[in-house]
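Encoded as structure tokens, the structure appears first; notes follow it.
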Amino acid sequence: MTSAVDPVSRRRASCSSSQHCCCCCCCAPKEDSVFCCLALLGTNNMGRLDALRQFNLLKWLREERQSRKLILFIVFVALLLDNMLLTVVVPIIPSYLYNLDESTDVVLKNNTLSQHGPPGAFNSIVSLYDNTLRSSGSNRSTDPVPSALAATELPQNSSSCPQSTKKLHNENVKVGMLFASKATVQLITNPFIGPLTNRIGYQLPIFAGFCIMFLSTIMFAFSSSYALLFLARSLQGVGSSCSSVAGMGMLASVYTDDEERGHAIGIALGGLALGVLVGPPFGSVMYDFVGKTAPFLILAFLAVFDGALQLFVLQPTKVEPESQKGTPLLTLMKDPYILIAAGAICFGNMAIAMLEPTLPIWMMETMCARKWQLGVAFLPASISYLIGTNIFGTLAHKMGRWLCALIGIMVVGISIICVPFATDIYGLILPNFGVGFAIGMVDSSMMPIMGYLVDLRHVSVYGSVYAIADVAFCMGFALGPSIGGSIAESIGFPWLMTIIGIVDIFFAPLCLFLRNPPGQEEKIAILMDTNCSMKTRSYSTQGTYYQGENMDPEYDDYD
């Protein structure tokens, strides 16, 4: 006797035998089927989200951790941050210190006059450059300021021209010393950082550079006195030394082929160029419309991003010395070819270093320039530097790096002489463009040739030689602002530009000696033999370097 089968049981049996049994919609009553389908949809969406999470940024970073390109990106960001902080102060500091001195003078004058005049007569300080009123915090009273006395003692600044030209002229030395402090400290620190990287590797120094740079940026944001600003600028020199020496040495260790190294260093210098490009206009616009603190807080956020990336990729927790002992620093400093290359870097950058503290003051004196114009004036030089480093990072290898440097230094000298002929901000476009483009030619040619000279004439360990390169760079930025400020104050800005231009033109022919530098015979054989089976040195975050075919590398060449 056959029993009747319940319809619900039949549906359940059908569901259990189905290959797509993932929901009870077919076996549930009608009123429950909607909820079952929604549950199925939610389950599918969660599965898709889980799948998407597998391709997120962290997973990509884990897979690409040993990539040379990621190492290059880290160095790029480190140089970008360093040079943004280097140049963002260029339009801010001259105006800020001038306002600070003027405010102090008005406070002292008001305190003196308040002893002889009616109380509460001067309750505000007029910033002559900002044209804003600030409470002095003394003798608070509701008595109105007498109009005649106020007009005499508190002049109204109806234009962008500063009222005290003599005081502004005297700011040259003060601003120059502040700007030079960073390069001076970096100059002292570099000889220690170079050999240190040979002993402990590149990861720890570059991360230490980030930490110091972050502290310096925060100090810049909240400092309100010349002493604290000077300390922040000096502290930046220590961080910059760690970042630049370790970063360049790391790139030279990863990219052992001369052409690849030139291309990689050209890209890394693009970070330097971008920092120089963005820094002055970014600083001037933010300072004019937001205030002094804002640009430095944004740079601090960028520093945190770079530090997090370094922690994840480089993992700077172990001391990883180089596999071979490098050439002593003094031996490298006695090499005449390294000295010529370092001199090209020094004198090429000294021109822009002299221009940075003196040009804004000269513009305020002769053009009555507004604050945002003080930084925008450097924009042509920054853009052309970015173009020059990217073009000649690769092109210099083909046409000869010595020739690029020679032409570049000549163009720097000619362009810098033309700067004082400008009568307004538009007249600065062409000479500043020439200065930036030519310095880009010099830097993108000489930085790779420093590594090549070590390969050719010494042991292929790069920390010390890039410490020398950074010392040369710092000498330009230490001597430039300090000497330039004094010369501009004593004989004037036009003569300062003429002197440094002539020095560059006379130095340029020395680059001829870099056309075919001699080297050790065995080193030449290795570098020039096209059948050499030596592989490109690979890099791992654990700091192990491999070279040659007889060794079993942990990682191959990453591109």
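Positions of Cβ are set from backbone N, Cα and C atoms, glycine also.
Features reported for this protein in TrEMBL:
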TRANSMEM  70-93  transmembrane segment
DOMAIN    71-519  domain 'Major facilitator superfamily (MFS) profile'
TRANSMEM  206-231  transmembrane segment
TRANSMEM  264-282  transmembrane segment
TRANSMEM  294-314  transmembrane segment
TRANSMEM  335-355  transmembrane segment
TRANSMEM  375-395  transmembrane segment
TRANSMEM  402-423  transmembrane segment
TRANSMEM  429-454  transmembrane segment
TRANSMEM  461-480  transmembrane segment
TRANSMEM  492-514  transmembrane segment
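By the Cβ criterion (under 8 Å, sequence separation of 6 or more), the transmembrane segment (70-93) is not in contact with the transmembrane segment (429-454), since fewer than 3 such pairs are found. Remark: the transmembrane segment (264-282) contacts the transmembrane segment (429-454), by the rule of 3 or more CB pairs under 8 A.
Scored by C-beta pairs under 8 angstroms, the transmembrane segment (429-454) has its highest count with 375-395, from the stretches 206-231, 375-395, 492-514. Among residues of the same chain six or more beyond the transmembrane segment (492-514), those with a C-beta under 8 A of the stretch's C-beta atoms are 336-337, 340-341, 343-344, 347-348, 350-351, 354-355, 358-359, 361-362, 401-403, 405-406, 409-410, 412-417, 419-420, 449, 480, 484.
Long-range neighbours of the transmembrane segment (206-231) within the same chain, counting only residues 6 or more positions beyond its ends whose Cβ lies under 8 Å from a Cβ of the stretch, are 74-75, 78, 81-82, 85, 89, 93, 97, 100, 174, 177-178, 181, 238-244, 246-247, 250, 292-293, 296-297, 299-300, 303-304, 306-307, 310-311, 314, 316. With a cut-off of 8 Å between Cβ atoms, the residues of this chain six or more beyond the transmembrane segment (375-395) that come close are 87, 90-91, 259, 262-263, 265-267, 269-270, 272-274, 276-285, 352, 356, 359-360, 363, 369, 404, 408, 425, 428-430, 432-441, 443-445, 448.
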